[in-house]
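Going by Swiss-Prot, these are the annotated features:
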MOTIF     42-52  motif ''HIGH' region'
MOTIF     575-579  motif ''KMSKS' region'
BINDING   578  ATP binding site
């Protein structure tokens, strides 16, 4: 055992042991409690950053701790390998996306191995492998057969120069990120999965997720956006279809003074066909994608279409406007405008001098409608037969009236829209459909799956390479045998990440998407990832799990039992980025200090849910602590080995009850720390675990070894310390455990048990406050009376109470606190 801590040698030795023993390969065991720990799998960018180090260390610490508790632990790793960066690299560097991706995976795998994470590598999944996406295609066809998949036209961002669809993040100031061309809003045919069919269950089952952050659940509730309201039908003059609008305030219907539709609403296009000014307005809105969050602050613009609708109760004509604040993707793309009682409608009415009709009278307050809209409930006025009704009653009465006259109905509306899974990109899973002129859309037969993504394609940066690949596109219809074409869209990459966690359980299964192993391992017991995935990946994965459940593939309702959302890693108060020059390279960190130091620092510097501020001095402090643990263990190695030999031979036994006072006190501290650290591990509060380990080490390193019992105490305490640290710093603990003569490998050692008798003590430390301010401390016997405690408190705080009258003495036993109140 070297005197000096050499992290590179230590970590290589530990990793070789784990690799040789296949320490983390796991199989199903019905006799043990299972624990499935999973961190969101990474996109293979080629290099790990400190955010990766923190995220995956968190998962590894949890997995190792649960294993120490005796559970059957699965912790797999894989690669979310499809996506836009690979295509961009192909265009820029003239390298096939597959080759670029494989190189990046190899580089990142090497970095993961250096971190020492306890992964079952035999379950490694790469989503761009046909053996993986074959079953995604198979499942999509099952959903199509159930009527849960359909194709319809939808508006997308279109780059007219590159002839391709752009993701929202590829549109910069209204222009294509690569070509610089003005982006157009274009309607093309897209594939959708009916997530709205599961909206109610996705919403209600959030209540069962007790171990999810409340913030994430609320974000999903808001995204699903369930609301109870009324659908109202307006007949349109010289137009064949009724205009449907949705509102939660039908009590304001009598105050509607105009209607407004989205710029891409069919009625807007109809109006533009006969009105040049309307067409010019629509053209001016092309390429402007408005986020919902921007609606409150954006300039509201519109134009009168010249068309009119009929009010369903009064029969009066209402002008129909096209407005940029109405979004086609929300509701029906049309709204009834009540300027007196909706602030957005009021602002628009003020700008275009449209009438404002008050129909709700505030109760017991005055309101100036020249200044703003009144948006609360009240008493109806100017509403004909509905006058004098309270808003709450009027909502029901007016809805009933509309239903009786076929002019509307009560309905439940969701903000959530069906999931558009089409991408007009190359590097993704091919959608397994064939388009035949005679038969329409025909699924690829199961026996022809997977539809393999061809690699012999040309990347010009213009259009989708798949559309130019004749060998891929031109096929025979499996239904009629005539010439047909293959679907050239690929799946949104969120599809791959919506079910990968279940496939980890069944890696190697060639005859089915999932098998009974998925039912054993799912749901994931602990999932770890960023909160930025709250309403995309996490919602889609919940949806997919319910789809798989209904197909009989899994037997649980939710995919992830517990969710931990870690904070970001910051440096100088900012997120690490190359542009800011504040990036810390994990490779350099590991080369300099070792993986254990990196792991210890990221666990100690902050609670997992909070942002972590990088600190070079903090890293050095973590390294110094490990060096001290190593040096102490080396200093006492021979003694510890001798004690181990005694214990293994059955001769080592100490009656702790008969030990001297100072030993009992130190042992009490050690077991207090053990109890608290175990509690903190259970709550994922690893920063306080590390703090406890440092206190424990200080206690034993300062302890004077004088008797045989003292030696056994140090042996017991170092055994506890190493096991407490092992999930966080596994390499150094592995080597020290072996070199100090402990039985088995530390990864197979049971979690240390708290000796409850050690938690009992003959003495208690008290603090004394005088008028609420800390003034003294003292130690007293556990059986001291109240009178004795108060007398001791007065004695130790003598300088602060002399010449004062003590009005009251308050003892707070559970806090070991005595407060003296003086006059």
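Cβ coordinates are placed from backbone N, Cα and C, and glycine is handled just like the others.
Tertiary proximity for the motif ''HIGH' region' (42-52) is limited to same-chain residues at least six positions away from its ends with a CB under 8 Å from its CB atoms, namely 79-81, 83, 85, 101, 103-105, 107-108, 111-112, 115, 568-569, 576, 583-584, 586-587, 602, 614. Residues 49-51, 568-569, 614 of the same chain, all 6+ positions outside the motif ''KMSKS' region' (575-579), place their C-beta atoms under 8 angstroms from a C-beta of that stretch. A coil conformation is recorded for residue 578 (ATP binding site) in the three-state DSSP classification, outside any helix or strand. The Cβ neighbour count for the residue listed as 'ATP binding site', using a 10 Å radius over every protein chain in view, is 7. Note: the motif ''HIGH' region' (42-52) comprises 3 helix, 0 strand, 8 coil (DSSP; helix = H, G, I, strand = E, B).
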